[in-house]
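The region 'Disordered' annotation in TrEMBL covers 1-63, 683-715. Summarising the annotation, TrEMBL assigns compositional bias 'Low complexity' to 10-21, 54-63. For 99-118, 130-146, 153-172, 178-200, 212-234, 258-276, 288-308, 338-361, 373-390, 410-431, 438-461, 467-498, the entry in TrEMBL reads transmembrane segment. Here TrEMBL flags 523-647 as domain 'STAS'. According to TrEMBL, the compositional bias 'Polar residues' annotation covers 689-698.
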Amino acid sequence: MVRMEITYASPSSRDLLRSSPTASGSTKPVRPVKIIPLQHPDTTSYGSPGGFGNSPSSSRSNSLFSGVRGKIKRMTFIDWIEMFLPCCRWIRMYRWREYFQVDLMAGTTVGIMLVPQAMSYAKLAGLDPIYGLYSGFVPIFIYAIFGSSRQLAIGPVALVSLLVSNVLSKIADSSDALYTELAIVLALMVGILECIMGLLRLGWLIRFISHSVISGFTTASAFVIALSQAKYFLGYEIDRSSEIVPIIKSIISGADQFSWPPFVMGSMILAIIQTMKFLGKSRKHLKFLRAMGPLTAVVFGTTFVKIYHPPSITLVGDIPQGIPGFSIPKSFQYAKSLIPTALLITGVAILESVGIAKALAAKNGYELDSNQELFGLGVANIFGSFFSAYPTTGSFSRSAVNHESGAKTGLSGIITGIIMCCALLFLTPLFEYIPQCALAAIVISAVISLVDYEEAIFLWRVDKKDFLLWTITTTTTLFLGIEIGVLIGVGVSLAFVIHESANPHIAVLGRLPGTTVYRNIEQYPEAYTYNGIVIVRTDAPIYFANISYIKDRLREYEVVIDKSVKRGPDVERIYYVILEMAPVTYIDSSAVQALKDLHQEYKSRDVQIAISNPNREVLLTLSKSGVVELIGKEWYFVRVHDAVQVCLQHVQSITESPKSSDPSHEGKPSFFQRFLKQRAEDSLVSELESGNNTNKPSDSTREDPQLEPLLSRRS
């Protein structure tokens with residue numbers, strides 16, 4: 001659009017020029033205002049190539065497909081390989097002298113941390129410890145090939161382990177072979193879902209789950225996980241449940257079976273892990289202690305048991321030696337009941353793992369595709385299910401240790417996998433004497449960081465609505481279970497979204513002194529409005545869910561007088577409603593029909609609608625629906641300021657009344673008379689535009705430094 005100023009020449013403007021009376025009773029031509037022309041769409045060229053009249057949906061689709069086609073054309077053979085095998089990106093530019101040493105150190109550190117954690121999380125999932133080691137073996141190698149993050153450490157995690165235990169315990173007993181088979185089937189289902197969502201680029205669907213919901217869910221889950229591990233500290237069995245009340249009841253009812261030795265040992269190991277974690281975080285030269293905590297706990301507990309052989313402390317027991325064999329998952333008849341949990345685990349993978357991966361990528365200076373990352377996690381789970389792994393995802397704690405240890409590429413993950421392989425081949429006989437309370441201490445230490453009380457404090461300070469959402473999710477997850485808690489949290493979150501969408505923010509605009517800028521009068525109290533004109537801005541798309549609310553607010557603004565400073569002609573009611581539509585990205589058929597009804601309603605009360613700055617798609621919709629012709633093309637403007645200029649002239653013409661003419665002044669005026677008349681007209685227009693005119697005679701000799709003409713007059 002060519003930006004230029006033209007004289008406003010609508011039919012109503014011409015009428016105004018003819019009918020505005022002067023002080024002498026003759027018709028006075030009002031100085032024409034100059035505005036930027038609005039380019040209207042040509043609906044006759046709808047569908048023409050490159051025409052303005054293309055439909056919004058088709059133009060979006062065309063731009064999307066043209067962008068994809070252009071990207072495909074620009075891709076080289078190497079780009080295609082890197083898209084399917086992201087590992088080629090870092091392999092191609094690997095600097096052995098700079099990267100290998102730090103990758104070796106980081107991979108070894110994470111591997112030492114993962115071995116005891118994997119066994120602990122497998123116990124949390126209700127599986128034998130060996131399946132935790134299996135889950136930390138094959139998926140790591142597969143992810144190093146197909147995953148796009150170079151620092152993300154995947155494997156068993158506490159939250160996913162709890163979800164696995166929660167769903168499988170309702171179908172089979174943890175001692176049955178069916179329980180293990182279902183855990184492996186669940187890994188395959190999660191992998192397939194993640195691959196589908198990654199290939200179809202559907203990761204955006206999870207954006208509807210608020211971060212407050214995830215924070216509340218993980219906080220509640222941390223309490224449930226910690227209490228579920230209490231049996232290894234207390235020395236007696238407690239009920240397995242995802243609700244906190246049955247667990248607490250079970251703990252209280254079995255208090256007479258309490259045993260001191262596992263409690264003392266577990267508490268000491270937990271204190272050691274927490275101390276080492278604290279020192280590793282607070283002292284840079286001791287950061288290696290953070291990763292060494294779980295291994296230290298296992299070594300300490302195993303050494304104590306080997307020396308003293310306490311009978312009241314339960315041990316891990318025999319663990320099979322060797323790497324897992326290839327096998328196809330079975331028991332698909334239960335797949336239907338596993339779908340909700342598979343979806344939930346996939347959601348956790350998107351929100352947590354992909355979020356961690358993107359944060360680490362930003363810190364290390366490379367780009368990461370969320371959908372590619374999701375696909376990599378899916379392939380890792382699919383291959384893992386063929387080697388007896390249960391669902392895996394990215395670990396926050398191990399990824400942080402990997403990053404802090406200086407990992408540069410995915411080679412660190414391969415080294416971690418090699419360490420897991422060595423543990424399976426050579427170290428499993430030593431794991432037989434690991435105390436159960438040591439593994440429980442590792443789990444409890446890991447989930448303590450999931451209690452996100454800092455997020456609750458932040459939400460209370462920043463947004464009470466999000467704090468309420470966090471509280472609802474946490475409470476329902478604790479007392480009603482994981483699935484119900486998440487469903488309620490997501491439901492309330494969507495309800496908030498729908499409420500915000502159906503009740504959008506609407507502002508009355510006023511003019512900032514000394515400018516031609518119009519802003520919300522509540523945000524800028526110094527902004528002033530004009531008598532007879534109300535300027536309204538809707539900060540949302542207009543569609544069937546919110547159009548009734550918008551119409552009610554418009555009627556309210558017509559009746560209720562705002563408290564801002566008023567300027568301009570002195571009139572008692574609203575004659576013009578200017579709709580600022582710059583923030584309106586979309587308008588549907590229901591809103592179009594409502595605008596037609598509103599126009600007729602205003603017309604019956606002698607109120608005119610003016611529309612400012614609609615975008616291309618909105619203007620095309622209004623044009624095709626006939627709203628542009630109904631309201632009149634002359635009432636569509638590029639800027640709010642242009643609309644105000646025209647409306648002000650119309651309001652001024654309404655307030656002026658013809659005065660009796662003086663016959664002595666008839667005839668051709670002299671040059672001096674024409675000069676004085678022009679000065680009077682210029683002064684009148686300036687006062688009108690600045691809002692200082694209230695039907696009072698203008699004093700052409702007075703100069704007011706506060707005058708703010710709408711547009712600078714040209715000499």
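The backbone N, Cα and C atoms fix where each Cβ goes, and this holds for glycine too.
Between the transmembrane segment (288-308) and the transmembrane segment (338-361) there are fewer than 3 Cβ pairs closer than 8 Å, counting only residues 6 or more apart in sequence, so the two stretches are not in contact. Each of 99-118, 212-234, 338-361 was scored by its Cβ pairs under 8 Å to the transmembrane segment (410-431), and the highest score goes to 99-118. Contacts between the transmembrane segment (467-498) and the transmembrane segment (153-172): present, as 3 or more C-beta pairs lie under 8 angstroms, all at sequence separation of six or more. The list of residues near the transmembrane segment (338-361) in space but at least 6 beyond its ends in sequence, with Cβ under 8 angstroms from a Cβ of it, reads 147-152, 154, 159-160, 163-164, 166-167, 182, 185-186, 189-190, 193-194, 197, 203, 206, 209, 211, 214, 367-368, 370, 373-374, 377, 391, 393-394, 396, 399, 403, 482-483, 486. Across the range of the domain 'STAS' (523-647), the DSSP-based residue counts are 54 helix, 26 strand, 45 coil.
Relative to the transmembrane segment (438-461), the listed stretch 212-234 leads the set 153-172, 178-200, 212-234, 258-276 in CB pairs under 8 A. In summary, the transmembrane segment (178-200) lies against the transmembrane segment (153-172): three or more C-beta pairs, each 6 or more positions apart in sequence, are under 8 Å. A contact between the transmembrane segment (130-146) and the transmembrane segment (258-276) is absent, since fewer than 3 of their C-beta pairs, 6 or more residues apart, lie under 8 Å. For the domain 'STAS' (523-647), the model gives a mean pLDDT of 89.
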